């Protein structure tokens, strides 16, 4: 039986495992390098990227994570997981953070601002619809979210988001510099795929729509007990969703 691992250092790993269970797929928590040998694919969830990086360093996970990606096994990063997988990240805290890499893109950490600036919006997702069916849009939950500023030639853009002219971003000067680049096309990228790597700036695990999870499972030819993904009206507010981002204490 195929097993999907979910990096369980901090953040919304429980929510990902719950979605996998709904799709009839076994999800397991991953905290040690040797556990990566037991899984077929990996989800790196959203959370606080600096905290996750510090914990990954503590458990000596980075070499094993890089090897997992390089082996061509499916890996999906959501929000902080996207930052982990990017080859380059800007807008980081002083001293930066270690990255897994593998995804040919530049990502800006906290592009949309602080946690109080979190939001939800409908995203056009034609590739997802062509593979999974369902509504033409997906409800994107953006919590202190990053954005992809540019991608390499091998990267497929799956969703983007228009940047409003009056959007208030972080006071970090580097954010304003990057916003100028984003404004050239008045949008930033929020979902991509490059071979075995899938990345989303938003949190599909915090909605009742399982299409992104189903899409990812098919990247690794993983099938569960259910025949297809499902879309169910969500009953959880954004405020409640924010709680899943604070499962463990944050490093200062």
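Backbone N, Cα and C define each Cβ position, glycine as well.
What you see is a predicted model, and the numbers here were worked out from it, not measured in a lab.
Under the heading active site, nucleophile, TrEMBL lists 79. Positions annotated as active site, charge relay system by TrEMBL: 203, 205. The feature L-glutamine binding site is assigned by TrEMBL to 47, 48, 49, 109, 143, 144.
Shown are the binding-site residues 109, 144; of these, the residue with the fewest other Cβ atoms within 10 Å is 144. Of 79, 203, 205, all annotated as active-site residues, the residue with the shortest Cα distance to residue 144 (L-glutamine binding site) is 79. With the fewest other C-beta atoms within 10 Å around its C-beta, 143 stands out among the recorded positions 79, 143. Cα separation, residue 203 (active site, charge relay system) to the residue listed as 'active site, nucleophile', rounded: 7 Å. Comment: L-glutamine site residues 47, 48, 49, 109, 143, 144; largest CA to CA distance 12 Å, whole number. A straight line from the CA of residue 205 (active site, charge relay system) to the CA of the residue listed as 'active site, nucleophile' spans 11 Å. Comparing Cβ neighbour counts within 10 Å across the recorded positions 48, 205, the minimum falls on 48. Residue 79 (active site, nucleophile) sits 7 Å from residue 47 (L-glutamine binding site), taking the Cα positions as reference. For residue 49 (L-glutamine binding site), the same-chain residues 6+ apart in sequence whose C-beta sits under 8 angstroms from its C-beta are 80, 83, 84, 97, 109. In the shown protein chains, 28 other C-beta atoms lie within 10 A of the C-beta of residue 47 (L-glutamine binding site).
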